[in-house]
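Asks: Could you have a look at this structure, given as structure tokens, before my questions?
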Amino acid sequence: MKRASSGGSRLLAWVLWLQAWRVATPCPGACVCYNEPKVTTSCPQQGLQAVPTGIPASSQRIFLHGNRISHVPAASFQSCRNLTILWLHSNALARIDAAAFTGLTLLEQLDLSDNAQLHVVDPTTFHGLGHLHTLHLDRCGLRELGPGLFRGLAALQYLYLQDNNLQALPDNTFRDLGNLTHLFLHGNRIPSVPEHAFRGLHSLDRLLLHQNHVARVHPHAFRDLGRLMTLYLFANNLSMLPAEVLMPLRSLQYLRLNDNPWVCDCRARPLWAWLQKFRGSSSEVPCNLPQRLADRDLKRLAASDLEGCAVASGPFRPIQTSQLTDEELLSLPKCCQPDAADKASVLEPGRPASAGNALKGRVPPGDTPPGNGSGPRHINDSPFGTLPSSAEPPLTALRPGGSEPPGLPTTGPRRRPGCSRKNRTRSHCRLGQAGSGASGTGDAEGSGALPALACSLAPLGLALVLWTVLGPC
């Protein structure tokens, strides 16, 4: 009996304590508060237009998503020192005061996504959140990332910035995020990746940059990403990518480069060579230009396919499936630099020969003379980088100083052979005369006429020899 009485007393004490706690820590009217598994204040989809007052200070989790809250005032959660999870996604947030999250030193997850009217976040909003490891800012209509926005977030591992209106990636934006492993930037309007955009991201494992407007990536942009395993760059405006960009990615396993207007000419050779050695999983890299290689996978081309320049200076026709402007196209490298030749020997398309140009005055065999109104043709003037029979040899074959490329003859034109002593018939001589008559003027003409004259006098010489030996009849 004593044991039963003792057990009943304990149960009664527990009920009384629970009731006292409820009175001491009231729950906001539109919310539900409970203690297991953690002290939680849950107010989702209640039509709230402001952050409710009276949230229990002991709350470890606060769920305010799916309401119509438009403003988060300063110190809204300052009394909730034990807060680790705060969900404010899917509201109508247009303004968050700089000190809205002051005092939340234990906060680990902050979800502000799906607030399309937010646009701008004060650079000091997240200062002091030293334990934050997940931050959702996706679909917030963000136009820019202010300087120092992520300063001090040393514990951050997941950063969601996709589906915003970001139009730039400022240098050093993520410099303090040394523990970041996942960075989502897809679905924005980012036009380029500067040199220090990802500086300090030594732990990054996944970088999603697809569905942007990226047309240029600085050669050193991925320098700190030695641990990166997944890189998505598909559906951008990339026409070429220096192989130097990918060199630091020693751990890369998954690469997607499809849906870009790739130009598969000599400037794609470094990327092609890198892809041949890459042992991870990669998407196709469909060529957009030149037209003869359209829709073919760069990885499956031969090195000999990547010759010449597919895009020359001057007016351009639009590149299919791309959004490149004429200004962006004009910024592309005009042609490939020779490996060993003097840079002065490189002619840009349409540029006349100059005094310092090794090609000055050279007319390759078979070209028409300058007098007919057409000058020498160069390899870069040929359509889509092809080399027609009337074009000059590749510039890489030129020696410094303008000497002839290896393999070209250095002597004058070869003379046509005359009639041999064994075949001195008139038919052979006529053939020889016809062949010599088709040649040009000058030395070539004279050299072809002498054998023909010798053949025509051969019968007369034979008659004189017979007359001398046999005597007159």
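Using the three backbone atoms N, Cα and C, a Cβ is placed for every residue, glycine included.
Checked Swiss-Prot, it gives:
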type	residues	note
COMPBIAS	434-445	compositional bias 'Gly residues'
DOMAIN	27-57	domain 'LRRNT'
DOMAIN	260-311	domain 'LRRCT'
REPEAT	82-103	repeat 'LRR 2'
REPEAT	155-176	repeat 'LRR 5'
REPEAT	203-224	repeat 'LRR 7'
REPEAT	227-248	repeat 'LRR 8'
Asks: Using a Cβ-Cβ cut-off of under 8 Å, list the residues of the same chain that are 6+ residues beyond the ends of the domain 'LRRNT' (27-57) and lie near it.
Replies: 63-73, 76-77, 79-82, 84, 87
Asks: Go through the chain and flag residues at least 6 beyond the ends of the repeat 'LRR 2' (82-103) whose CB is under 8 A from any CB in it; none is fine as an answer.
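Replies: Distant contacts of the repeat 'LRR 2' (82-103): 38-39, 44, 58-76, 109-115, 117-119, 121-122, 124-126, 128-129, 131, 136, 140.
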Asks: Treating G and I as helix alongside H, and B as strand alongside E, what does DSSP give for the domain 'LRRCT' (260-311) in helix, strand and coil?
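Replies: When I sort the residues of the domain 'LRRCT' (260-311) into the three classes, I find 21 helix, 9 strand, 22 coil.
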Asks: Counting only residues 6+ away from its ends, which parts of the chain sit with a Cβ under 8 Å from the repeat 'LRR 5' (155-176)?
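Replies: Same-chain residues near the repeat 'LRR 5' (155-176) but 6 or more away: 113, 130-145, 147, 149, 182-201, 208.
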Asks: Write out how many residues of the repeat 'LRR 7' (203-224) are helix, how many strand and how many coil, based on DSSP.
Replies: 0 helix, 5 strand, 17 coil
